[in-house]
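*Asks:* The structure that follows is given in the form of structure tokens.
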């Protein structure tokens, strides 16, 4: 099954709720690819020996990996951390996350500045391009185990919105406005 994504409603209820519009407006993997978000479905139980994951890492240069458990029992100042993750920001590099257990929501802005909610579950690997506005929260399950991948040394610097003059943001805007034709699916 492909990843689930949809345009979000505009209410301020608990961020961990689904926030579907009424009626729901789902977003395709192709639409995500048009804004630079890539997706793979892998087997999370085999991540240590997964040949497809190995190929992705090698082809994209992801040399660093770590694991992160996010839940109230394992994260000090959990509510504050979740609030920080949910602040809209960009990174100078790609954000690569592979969900091994649990679930959560990545949210990205599309070309019209609308929020798209991406529900990641075990087996979902997504890549958010450098410069895309995004944020993250858990869903009502309050647990996710993520693999974080990086090119070289890990960098977690978040640049909160507005960042229109940041080089990564300018390059991202250029890349999505100059795309012509049909985007290629990741896998």
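Cβ from N, Cα, C; glycine included.
Unlike curated records, TrEMBL annotations are generated automatically.
Quick caveat, the model's predicted, so the values are computed rather than measured.
Found this in TrEMBL, in case it helps:
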type	residues	note
BINDING	89, 91, 95, 134	Fe(2+) binding site
BINDING	89, 91, 95, 134	Ni(2+) binding site
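Have a look at these and tell me how they're positioned relative to everything else.
*Replies:* Neighbour list (residue 134 (Fe(2+) binding site), Cβ cut-off 8 Å, at least 6 residues apart, same chain): 88, 89, 90, 95, 106, 107, 108, 109, 128.
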*Asks:* Using the CB centroid of 89, 91, 95, 134 as the Fe(2+) site centre, which other residues of the same chain sit with their CB within 8 A?
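*Replies:* Near the Fe(2+) site, the remaining chain residues are 90, 128, 132, 133, 135, 158.
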*Asks:* Provide the number of Cβ atoms within 10 Å of the Cβ of residue 91 (Fe(2+) binding site), excluding the reference atom itself.
*Replies:* 20
*Asks:* These are the binding-site residues: 89, 95. Which one scores highest on other Cβ atoms within 10 Å?
*Replies:* 95
